[in-house]
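Q: Dumping the structure here so I can ask a few things about it.
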Amino acid sequence: MAQWEMLQNLDSPFQDQLHQLYSHSLLPVDIRQYLAVWIEDQNWQEAALGSDDSKATMLFFHFLDQLNYECGRCSQDPESLLLQHNLRKFCRDIQPFSQDPTQLAEMIFNLLLEEKRILIQAQRAQLEQGEPVLETPVESQQHEIESRILDLRAMMEKLVKSISQLKDQQDVFCFRYKIQAKGKTPSLDPHQTKEQKILQETLNELDKRRKEVLDASKALLGRLTTLIELLLPKLEEWKAQQQKACIRAPIDHGLEQLETWFTAGAKLLFHLRQLLKELKGLSCLVSYQDDPLTKGVDLRNAQVTELLQRLLHRAFVVETQPCMPQTPHRPLILKTGSKFTVRTRLLVRLQEGNESLTVEVSIDRNPPQLQGFRKFNILTSNQKTLTPEKGQSQGLIWDFGYLTLVEQRSGGSGKGSNKGPLGVTEELHIISFTVKYTYQGLKQELKTDTLPVVIISNMNQLSIAWASVLWFNLLSPNLQNQQFFSNPPKAPWSLLGPALSWQFSSYVGRGLNSDQLSMLRNKLFGQNCRTEDPLLSWADFTKRESPPGKLPFWTWLDKILELVHDHLKDLWNDGRIMGFVSRSQERRLLKKTMSGTFLLRFSESSEGGITCSWVEHQDDDKVLIYSVQPYTKEVLQSLPLTEIIRHYQLLTEENIPENPLRFLYPRIPRDEAFGCYYQEKVNLQERRKYLKHRLIVVSNRQVDELQQPLELKPEPELESLELELGLVPEPELSLDLEPLLKAGLDLGPELESVLESTLEPVIEPTLCMVSQTVPEPDQGPVSQPVPEPDLPCDLRHLNTEPMEIFRNCVKIEEIMPNGDPLLAGQNTVDEVYVSRPSHFYTDGPLMPSDF
C-alpha cells in the first residue's frame, strides 16, 4: 500500500491535517493522487539535500516528461478533461523552477515528510486505541512491485498494438507513394494535386504516429527504469542479509521472489529491445527529413541495452557462500586439501534454447600487493556447464560441490610461506566466477565474487578463523577489501553484542539474554565503563589475555559455545544454565536465598568449563558460597551434568555424604528442574542378584573448615576489590572423576532386597579398573564362610571369597551404607552388577568462594 493510499484511510482529524497541508501547497491534491506512485518512487531527499544540483535538474525534467505523458493519456479520454487541465496548469506553474530545480525538490520532499509525520501520529493513536496498525510502506513493497509489473505488461501490449497500427499506416503511405510515383502527370493536373495532398496528409499522420510510438516507448522505458531502481536496492538488501546470515544472524534470505521479479523486468526490457528493432526497420524502409525514428530509436535502444546490461550484471550472484561440509555452521572458512561447496545463480531466468552457459571459477583475480600473501590454485575442475534443459527445469544455477584449494609452492620446493604482516587467519581471499551470457543477440560477460574467505591449513585454526570472518562481515563496508586486517577497525558493542548472541542462537538454539550480554560487556570493558556504546579492538577480542582466566576473550567464549553444543544443549535451551554470571553477581544472587540453592555458570578461568555454585547459611548467620572445580568436556563425556547434580555428594562433619544441591536458583527443587533429563529410573521392586554400579561425585569437607568457616566480606569491600584488582579465580573443589567398578557381591535372596534400599558402599578411589564376570550362584546348599574380622557385625555372614580379586584395589572396610545403590538408566544386558562406586575424592580442601 502506497503512502498516499494509507493517508486516504485515516480518520477525520488526520484527514483535516492533510487537507490543511495541501491548501497552501503548489502541488494540487488531485495531481498528488494521480501521480502518487511515481512521486513516492523518486529520491527527493537526495535531490533536495545533496550537494550535486544535477540530480535535482534531472529529476525536474523527468517530472515534466511524466506530466506531459499523463496529459497525453488524458487527452484520449473525454471524461478526464478536468484532470488534463490541472496537469497542464501545474506543468506551466513549475516552469519557473527550471532556473532552480532544487526548490521544487525541497518542496515535494517536505510535503512527503509532513505526510509521514501525519501517518505516524495516526498509527500511534490506533495503537493506543487497540486497533490494528496500518500496513507500512516497507511491508507493501512486494505488492507495489508486482502491481508495477502488471502495469508495465499492459503498457507493453499497448505499445505492440501502436506499432502494429504504425506498420499499417506506413503500408498505406508506401502504397500511395508508389501510385503517385507511377502516375507522373503535369503539376497543374487537379487530380495530381489532390493525390499529393492526400499523400502529404498520410505522411503527416505517419509522422504523428511515429512520434506517439516513440513517446510511448520512452514512457515505457522510464517506467522500466523505475522498476529496476526498485529491484536493485532489494537485491542489495538481500546481499546485506546474506552477509549477516553468514555470521549466523537469524534472517531469511531466499532468492525465489527476486528471481521472479528480475526475470519479469528482463523480459520486458528484451521485448522493448525487439520492438525498437522493428521501429528501426520501419525507419529504414521509409525515411524523411526530421524523421523522429532516425535518432530516437538509436537513443532508446542504447538506453535499453545499458539498462539490460546493468540488470544482468547485478543479477549474477553467489547464492550460497563457500562452505566445507564438515563445518556447515561456519561458512567462509576453507581448509587446503578439503572439499568445499559454493553456488552461483543468475536471477534473470532467460536462456537460449540451444546455448549452454559455462561458469569459470578463479581465486584472487586481483590479489593485494602484500609481502608473504599466499597464493592458491583450484585443484579440481574450474568450470561448470549448464545445459538449456537443466536451466529450464531448475533455473540458471551452478552448483560447485567438489572444489579443492592447494597452496602454490614458493621458490623451487616446499609449500608457500606466510611471512607477511598478516597472519594466516587474517588473510582474506576472494573466489570469482565468470559466465559469458548470450540472449537475443545481446552478449555480455557477467562476473560475481564471493565474500572474502579465510583459508586455513589445520582445523586447530578454525576458531580464530571464525573470529576473523565475524569481525570482517560485521564491520567492513567494502566487501572487496582484502587488506582489512592490516588496520582492522574497532567494533562498537551495539554491533558486537547481538553478533555474539547469534553464535548461540544459531548453533545451540537459544541466544543470550540482556543479563548475559551485560556480563560479557563488563568482562570486556569493565564495570566502570560509562560509555554508552564502547569500542573493542581486534586485539582485545582475539589476542590479548583477559583476566581472570588469562585467556583471550574469543577463545574463552568459543570453548563455552562448543561445550554447550556438545553436552549442554537441552539444559541451555530450557534456561537451566544461567551461564554468564560474574562471581560478584553470583554472590549477590545466592546470598539472599535459602541454603542449598545453586546455579550453573561458566568458569572464567578454564577453557570450556561449567561449575556449580551453592550457598550455605551457618548457625552464626555467616554465609558461605562454594564452587566446584569446573567440569570440562572430558568429564561430561563420561558422566552427564544432570547425573552429576543428581548424585553429587558432600561429606558432612560426621563423614556422611549428602547432596548439598537442593534448589536451582531462584527456588526450583532440584529434581523438578532436572528430572526430565535424568536417565531411566530403576524399578525398585525388581529382584537383582548384584548391585548396579554407577559414577558419582563426592567432595571431602575438612574438619578445620567445618570448625572455622570463612567469613565473607561485606558487599562494599567486594566491589572495591573488583574495581582495583579485577576478578580472580575462586577456590574450587578439585575433582578427579574416575569410574570405579566393583563386581559380584553374592548376597543371597534373603539380604538382597534389604540391602538394595539401605546399603551404599563408598570405597577409596584408585586408578585400577577391574571387570570380572561373576558366575551364576549354585542352587545347592551354601556353606557359611568365616567372616572377615573387620566387617560390621551385620555383614559377617556374607561369603567374601569371590571378592578376593578386588583386595588390591578395593578396601572393603570403607564400604558404608547410604541409601539406594541403584542408578537409573543402566543397561542390564551386558554390564557387571557391582556395588555403587566410590566417591571421587578431591585433591584439595573444600573452600568457600571469595566472591
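Cβ coordinates are placed from backbone N, Cα and C, and glycine is handled just like the others.
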Q: Looking at THR202, THR294, THR341, THR448, which one is marked phosphothreonine in Swiss-Prot?
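A: My reading of Swiss-Prot gives THR294.
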Q: Of SER23, SER287, SER595, which does Swiss-Prot mark as phosphoserine?
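A: Residue annotated phosphoserine in Swiss-Prot: SER287.
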Q: If you check Swiss-Prot for phosphoserine, which of SER356, SER605, SER734, SER753 comes up?
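A: So the answer, going by Swiss-Prot, is SER753.
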Q: If you check Swiss-Prot, which of TYR690, TYR841 turns up marked as phosphotyrosine?
A: TYR690
Q: So of SER283, SER287, THR294, which of the modified residues has the fewest other Cβ atoms within 10 Å around its own Cβ?
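A: Selected from the modified residues SER283, SER287, THR294 on minimum Cβ neighbours within 10 Å: SER287.
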Q: Cα of SER287 (phosphoserine) to Cα of THR294 (phosphothreonine): how many Å, rounded?
A: 8
Q: In terms of DSSP three-state secondary structure, what is the assignment for THR294 (phosphothreonine)?
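A: Going by the DSSP assignment, THR294 (phosphothreonine) falls within a helical segment, counted as helix.
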Q: Using DSSP and collapsing to three states, where does SER287 (phosphoserine) fall: helix, strand or coil?
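A: Reduced to three states, the DSSP call for SER287 (phosphoserine) is coil.
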Q: Round to the nearest Å and give the CA-to-CA distance linking SER283 (phosphoserine) with THR294 (phosphothreonine).
A: 6
Q: Count up the helix, strand and coil residues in the domain 'SH2' (572-667) according to DSSP, in that order.
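A: Tallied per class, the domain 'SH2' (572-667) gives 21 helix, 29 strand, 46 coil.
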